[in-house]
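A quick write-up on the structure given underneath.
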Amino acid sequence: MSQNKKVVLAYSGGLDTSVAVKWLQEQGYEVVACCLDVGEGKDLAFVQQKALQVGAVQSYMIDAKEEFAEEFALTALQAHTMYEGKYPLVSALSRPLIAKKLVEVAEKENAVAVAHGCTGKGNDQVRFEVSIKALNPDLEVLAPVREWKWSRDEEIDYAQKHGIPIPINLDSPYSIDQNLWGRSNECGILEDPWAAPPEGAYDLTTPLEKTPDTPEIIEITFEKGKPTAIDGIQYSLSDLILHLNEVAGQHGVGRIDHVENRLVGIKSREVYECPGAVTLLKAHKELEDLTLVKEVAHFKPIVEQKMAELIYNGLWFSPLKGALDAFLQETQQNVTGVVRVKLFKGHAIVEGRKSPYSLYDENLATYTKADEFDHDAAVGFINLWGLPTKVNSIVNKKEQVKA
């Protein structure tokens, strides 16, 4: 391989990607590290410097929290994306954004390749590589961890030999990924689907036994499907989600224990914490119920399921995803209003909703004297609505008589 070929590495600061810097150098590459802040709470300045210490020639630290919130989490919210009905797509949402930034840095640096730290067993390798190829088919994609196939002990030996710092949390049994939409946790005792997750597996949510005994009421304002304020206070979308993570998390909202079907064909037990996401998803759905006509409200879940599958399966940049985005955007035009939510003992309970575009007419719905519904019109409607069933019954009875 000729010298001075650049590769842009998605760098997390952990053992795998730190070792990958040195390993890629041994393959003849100059390594440019790319560190993204998508709301995981890490000290990104420290991670940026660590990349340089372990041998990267350049280290980018990109604050992508607001872009992640506006372009990725908001789509997940408006599409109510819950993979297999339970998983709000925490990690799956950040991967296309990370891929996008890797490609942008690679093009800026005239790199010939990008690299990630995924193993050959998970979903993320697919999400990264499919996204990268969709954005720039000319870039080579390298997967050092998948290629070297070392055991943990062999990796540690390599790190010590090359003076690479060993993370202090290396003994943790868990594999954790976090962004502002939530936190995922796997491995260790969680690999046993019968074992109850220990409290040490959680970080964003309070155990139910320790949550406040008094509920907290909040009001969330939406404008065209986008949450903009809590209790009348305006927030950027990223700050709003992070604030809700804290508020709802204190009440134990958003714990999810799920055995899911991975893209690569295996089942995996995952524990998720998504206090802000779960609260927003419930509030947004209730506002849609108030403002969408029945036909749209009944059809939209079909789109939502497909959208969740596309995102989970790494097809964010696919043509179908783009087409579904257009439908989704159209459905949000009147999803404006305020939703009142009670947070209590692990639950986010919607207790009220209002909108200038509300399709709920109290005078039509009421059973009091104010009722304006035309009851006489019901007779003709029922006759026409049931006509096909009635005709079918008449015809079949005639045939039975002939027999």
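Placed from the backbone N, Cα and C atoms, the Cβ positions cover glycine too.
For Gly14 (ATP binding site), other Cβ atoms within 10 Å of its Cβ number 16. If you look up Swiss-Prot, you'll see Ala10, Tyr11, Ser12, Gly13, Gly14, Leu15, Asp16, Thr17, Ser18, Gly117 marked as ATP binding site.
Of all Cβ atoms in the shown protein chains, 23 besides its own fall within 10 Å of the Cβ of Ser184 (L-citrulline binding site). If you look up Swiss-Prot, you'll see Tyr87, Asn123, Arg127, Ser175, Ser184, Glu260, Tyr272 marked as L-citrulline binding site.
The L-aspartate binding site annotation in Swiss-Prot covers Thr119, Asn123, Asp124 and rests on sequence analysis. Taken residue by residue with DSSP, Asn123 (L-citrulline binding site) is part of neither helix nor strand, so it is coil.
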Annotated ATP contacts Ala10, Tyr11, Ser12, Gly13, Gly14, Leu15, Asp16, Thr17, Ser18, Gly117, maximal Cα-Cα distance (Å, integer): 13
Spatial neighbours of Ala10 (ATP binding site) that are distant in sequence (at least 6 apart) but have CB under 8 A: Thr17, Cys34, Leu36, Ile98, Leu102, Val114, Ala115, His116, Gly117, Phe128
Asp16 (ATP binding site), number of other Cβ atoms within 10 Å: 20
Number of Cβ atoms other than its own within 10 Å, given for Arg127 (L-citrulline binding site): 27
